[in-house]
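Novice: Please find one structure pasted underneath; my questions will follow.
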Amino acid sequence: MADALLDPANASKATLKLENTEKRDTLIAIEKKYQKIWAESRVFETDAPTVEEDPTTDPDALRERNPKFFGCMAYPYMNGTLHAGHSFSLSKVEFQTGYARMQGKRALFPLGFHCTGMPIKACADKLTREVEMFGKNFEGAAIDEDTEKEPAPPPSNAPTKEDITKFAAKKGKAASKAVKLKWQFQIMQAIGIPLEEIHKFADPRHWLTYFPPLCKRDCSSLGLRIDWRRSFITTDVNPYYDAFVRWQMNRLKELGKIKYGERYTIYSPKDGQPCMDHDRSDGEGVGPQEYTGIKIKVFEWTEDAMAQLEGKLPQGANVYMVAATLRPETMYGQTCCFVGPSIEYGIFQVSETDFYLCTERAARNMAYQKIFPEEGKYPCVANILGSALVGSLVYAPLSVHKSGVRVLPMETVLATKGTGVVTSVPSDSPDDYATVMDLAKKAEYYKIKKEWAELEIPPIIKTPSYGDKTAEFLVKKLKINSPKDAKQLAEAKELAYKEGFYQGIMLIGDFAGEKVEVAKPKVREQLIKSGEAFAYAEPEGHVMSRSGDACIVALLDQWYLDYGEKEWRAQTEELVSEKLNSYHLETKHGLMANLAWLNQWACARSYGLGSKLPWDPQFLVESLSDSTIYMAYYTIAHYLHSTIDGKSPGIAGISPEQMADEVWDYIFCQRELPKEVIEKHNLPMDWLQKMRREFEYFYPLDVRVSGKDLIQNHLTFFLYIHIAIFPPAYWPSGIRANGHLMLNGDKMSKSTGNFLTLSETVNKFGADAARIAFADAGDGVEDANFEEKVANAAILRLYTLKEWCEEIVKEADAGKLRSGPKDTFWDQIFENEMNELIQATKEHYDSTSYKLALKTGFYEFQAARDTYREATASIGGMHKDLILDWIKNQALMLNPVAPHWAEYVWQELLKQPTTIQNGLFPKPSKPVSAALAATRNYVQNVASNVTSTEAAQLKKKAKGKGTTYDPKKPKRLSVYVALGYPSWQEKYIDMVREMFDQVSLTVNDKELNGRVARMGEMKKAMPFVQGLKKRLTTESPEAVFNRQLAFDEVATLKEIVPGLKRTTAAKEVVIVVVEEGGKTGKTVDGETVEGLPPLAEGAEPGNPRFEFANIE
């Protein structure tokens, strides 16, 4: 099993296996050819217009005259190769970039490489230890069969409902991708690193040279339109980027956005530093939860407890059971104190005389919050089971029961949440009320005295909905019978908290009469000042660092970004709500929810890779804080350096030392450079002016693409920092968040074999087929699905279409295609449908709906060609100009998604002189004709209905219902068409018109149905009325009520007779115009036909009837 896990191919063992790859290989050869040509011709290197191209110095005028597009995605982290999920986010920028180029815009798509933070350093340190333990090539490692097994982490508690509006992703990315291997060298093997190379990764800088080239290789193999000149790696390894980050942090500090002080933060004692989102293997998005630690003094121990504690506590010791509560204002109503009978508690010494009783986990948190005398130390003098504590008499601060309350058992107390000690307030907590009722009812079973659970429950809070005994009210209303009714209790808890907090009025204590939300902080402060409580915090869920440490909350003096500061937050909220294009409402709502709760964020750490904090170099800038505005750096990166590590200077010839803070201000913030700074650093102003022009042209960023999990941190930070540093004209224009990518309908997972790297995806399907599958995967915020069958089918479709285009071009060159006027019925239909689909596809690309663009611009476009090809087979074939236009338009419309195939057709078949990557999106050859569109729809409906008519007749015959029709014998198809509507329908049209609301586009159904019923023709009239209502949902009211066809129905039927003969194999196709009443009619040749079948009476304009019959 262990060996299987070490095989990189095992990660994709459950994916689709391809057998015949000849067609795929042909397409890949084309892709490699054009990727090489694009790279050599630098077609995707995009610059701002030079002064020679456009002399204006006004950035707005420059952008108006020379439209631009600037998009990027969150740069990938360089601790491995890219997988299909990365590719999906990349594809969103890629398709938008390709389409922007076709709109005539200078489209910029850069990509950098993120190396900042703890993951690389932590992995490198593990490898250092493993090399020391096992040798350079790990020859001393013993790998057992249980390698892949690891203990389950403690349960991850959901965030408390106190933070009702808090936005949080469901799962950290690292956790969802984790490969369960014991040693780091095994993980390196599993991602494809040769065993003899792994020891090199003990140097963290080796990661920075190894993975970026692989990322570039894989992105290029997918044909991405990336301007690689602008790439860079982060950290102080690149001195230019390091200067950029230091400038950013200096400016934020000057602006008062970075502050220093005590604050709670998620912390890894093992690593000795805060554990931020990117440092976690589990618990991404989890923050500190602040509680009030209530000190419940023990008055009297049980005999069992005294026996266990004998000799372990000094004479006169004060022992406090510590309960963590989110509702200090309810402490007046305490009637008992709960413990978990099976939980082991510790008694921890906090001073010579004072001791706290709680779980070891809680004490570990407290040890880093200045609650114990020495940081990190929480001396335990004794351990005791919760069952031994049951019956002890304790003093509950603020409780009306001054003589004390009892410790009682509660089976649902968790050792992994809070302190393991729970206050009981049965007046306002449904859980507590249900538990004390159960305890009183089963006192003997629980081995307690009944009266312990029957202390008076005082009313402490009054609410408008539930009165002054909220818990009792809700328990009865929701029919909760025991503490085991978890679902109802969870609902009751949320209802009780919301009502109590927002609507409740205090009935007791010093703050009686005040609203709960006002009194709550006052009660907390009073308790803490009196020494009966203290501030306590812990992670709101399980957090595991990448170094394998279960994290706690520490109270630290640290540098932090003051996110949530009132004015700063208001500016950011205004941008999101008023100006930012979020593409989907879910993204906007997620950002707004995140802004509502996000506050101070530690921006420095002491371990990992990164840039040093300029004013406090013992710290490094945290990885989510050095990656907020690097999009601005993209605009000038190629001026600064020509290699990603900044070791070789760029086209401006500027050294890192010359990039003083004032220089960055000049480029990015419209500040002028003081003369003394220019002289001091010997600055080349001509180059700096070009750099400023480049930035001011491409900014603001048009779209930032990322997975939706980054809404809760990176994307929100990105907005905050742009607002702080840049003038409003350069604040971001758009954020597009996409869902995670599933593979074949299931979560991607290496352990199950349902996993593909980007390299594997391209090698397996080729670039264009993979890109089509990415476009097909989905465009919303919900999770998308990369379907391998779609990619595989795309190979066949692209290859077949390529061959067909080659054949058509040969026939055109040989003069084998019809020429002359393109004015036949089918020429007009086809040209109009092409124009329709071009217009529809443009609209889909405009709205970044790539799945729909693929539908209209690829699948339906080919279906239109198929129909045209079949329909013209009997009239001289397809028109040369139209079908060559089709090929040209197909190449252009497919270019954003499948550029290699498009380039091949464009250059090698159509002999265009320049690359299609500079081609413009096609425009309709003429305005779309509604009449021709209606005609086409009519023809399609006729074809479908003819087929279903014959099938229905055969079904009837099979059931022995009297028809003698035999499809194998010579047959005639009769088409019954009506030129007018039955006169009885007019009154119902008038009725629906009268009831139709032009504003809401709805019909008053109740009144309409009543009037139809009173007419006495329900059976005949109601289906007709329902049909009118249905048409009103998709057609204009004028077209529905006027009942005029946009085309000549009889003439259209005559045009399609040859096609009907061919598709039905009918010897004759007779068109009969039915007269009023449906009994007689005339053929289009003028012959009168009497005794028409009953079905002819049902013919209406645009809705003919059909019948097959045998002929002699």
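Cβ coordinates are placed from backbone N, Cα and C, and glycine is handled just like the others.
Here TrEMBL flags 63-126 as domain 'Aminoacyl-tRNA synthetase class Ia'. Positions annotated as domain 'Methionyl/Leucyl tRNA synthetase' by TrEMBL: 703-790. According to TrEMBL, the domain 'Methionyl/Valyl/Leucyl/Isoleucyl-tRNA synthetase anticodon-binding' annotation covers 827-948. The domain 'Leucine--tRNA ligase RagD-binding' feature in TrEMBL is assigned to 977-1038. Residues or ranges marked as region 'Disordered' by TrEMBL: 140-161.
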Novice: I'm checking region-level scores; what's the whole-number mean pLDDT for the domain 'Leucine--tRNA ligase RagD-binding' (977-1038)?
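Specialist: 78, rounded to a whole number.
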Novice: Rank 63-126, 827-948, 977-1038 by Cβ pairs under 8 Å to the domain 'Methionyl/Leucyl tRNA synthetase' (703-790) and hand me the top one.
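Specialist: Between the candidates 63-126, 827-948, 977-1038, the best contact partner of the domain 'Methionyl/Leucyl tRNA synthetase' (703-790) is 63-126.
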Novice: With contact taken as 3 or more Cβ pairs under 8 angstroms (pairs 6 or more apart in sequence), are the domain 'Methionyl/Valyl/Leucyl/Isoleucyl-tRNA synthetase anticodon-binding' (827-948) and the domain 'Leucine--tRNA ligase RagD-binding' (977-1038) in contact?
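Specialist: Checked: the domain 'Methionyl/Valyl/Leucyl/Isoleucyl-tRNA synthetase anticodon-binding' (827-948) vs the domain 'Leucine--tRNA ligase RagD-binding' (977-1038), no contact.
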Novice: If you run through the domain 'Methionyl/Leucyl tRNA synthetase' (703-790) with DSSP, how many residues end up as helix, strand and coil?
Specialist: 42 helix, 21 strand, 25 coil
